[in-house]
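Colleague: As annotated in Swiss-Prot:
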ACT_SITE  HIS259  active site, proton donor
BINDING   HIS75, HIS232, ASP236  Zn(2+) binding site
Amino acid sequence: MKQLTLAKTVKGVGIGLHKGEPIEITLEPLEANSGIVFFRSDLNASYKASPENVINTQMATVLGDDRGFISTIEHLMSAINAYGIDNVRIVLNANEAPVMDGSSISFCMMLDEAGVKELDAPKKIMVIKKPVEVRDGNKFVRLTPTKEPRINYTIKFDNAVIGEQSYNFEFSKKNYIENIARARTFGFLKDVQALRSMNLALGGSLENTIVVDENRILNPEGLRFKDEFVRHKILDAIGDLTLLGYRVFGDYISYAGSHHLNHLLTKEVLKDKDAYEIVSLEKTTQKAYEKVFA
């Protein structure tokens with residue numbers, strides 16, 4: 001099984017969730033073993049997508065250094081993971097990726113337009129060899145060894161609309177597109193004023209966010225799935241785990257997880273060399289793992 005990049009360059013435009021300004025995005029092919037690289041054209045600055053380059057996880061996953069930052073990368077990273085793309089350059093002319101409709105389906109459409117190209121290098125995956133867990137009170141995220149990688153996610157909100165929701169996701173591109181990619185980000189009406197006073201969520205609207213009041217959803221079209229909230233959390237988690245640089249072959253289990261806990265989990269994994277193995281998918285090894293790329 002070979003590494004993949006894009007067959008051609010594709011461009012798009014969307015609104016930034018936090019600044020509320022139009023953002024141009026370009027996805028470009030990259031050579032083998034390059035990974036996922038973000039480039040801010042307005043700063044002439046590149047940022048490799050990796051845990052060590054994460055500088056903030058408060059409202060989104062943010063890459064950066066003393067030159068600047070790129071925020072809200074997780075939805076795009078999630079789509080890239082689902083499509084099995086190993087090497088891509090993402091060019092942005094602003095400090096965040098566009099939010100599009102609040103899900104990753106627009107990025108999936110861009111990747112469909114670009115197509116994929118095999119490179120002359122074997123695909124590599126990260127196989128989890130022993131359990132790794134991060135906790136914050138009763139909240140936790142965990143990776144464990146498995147023969148069939150999946151995500152088991154539970155959320156619990158003190159809100160009548162959301163309440164407690166659980167979802168089990170088995171990795172495949174088809175399953176992702178049908179059941180995860182269209183799940184939108186969400187927020188609470190009571191938090192809007194505070195966020196905007198911090199210059200956050202300035203681009204948030206009913207066009208790109210599920211807005212929840214005490215006992216109702218403000219979006220006139222309603223939900224895309226009855227459990228859209230937890231499905232979106234899975235979308236986010238896939239994007240955050242992609243920062244490890246490989247498709248992760250392990251069970252991810254979360255209770256009330258977050259970008260912050262996901263980031264701590266990726267750091268914990270990398271800290272313990274016995275917790276994982278990087279497997280090169282040559283002809284002799286790929287059969288055991290190829291289902292996850294179907």
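Cβ from N, Cα, C; glycine included.
What you see is a predicted model, and the numbers here were worked out from it, not measured in a lab.
Mind mapping these onto the model and telling me what they sit next to?
Modeller: HIS259 (active site, proton donor) falls within a helix when secondary structure is assigned with DSSP.
A C-beta separation below 8 Å, combined with a sequence spacing of at least six in one chain, links HIS232 (Zn(2+) binding site) to SER103, ALA183, ARG184, THR185, PHE186. In this structure, HIS232 (Zn(2+) binding site) is part of a helix by DSSP.
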Colleague: So, in DSSP terms, is HIS75 (Zn(2+) binding site) helix, strand, or coil?
Modeller: helix
Colleague: If you count, for each of the recorded positions HIS75, HIS259, the other Cβ atoms lying within 10 Å of its Cβ, which residue has the minimum?
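Modeller: Lowest Cβ count within 10 Å among the recorded positions (HIS75, HIS259) is HIS259.
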Colleague: So if I draw a 10 Å sphere around the Cβ of ASP236 (Zn(2+) binding site), how many other Cβ atoms end up inside it?
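Modeller: For ASP236 (Zn(2+) binding site), the 10 Å Cβ neighbour count is 23.
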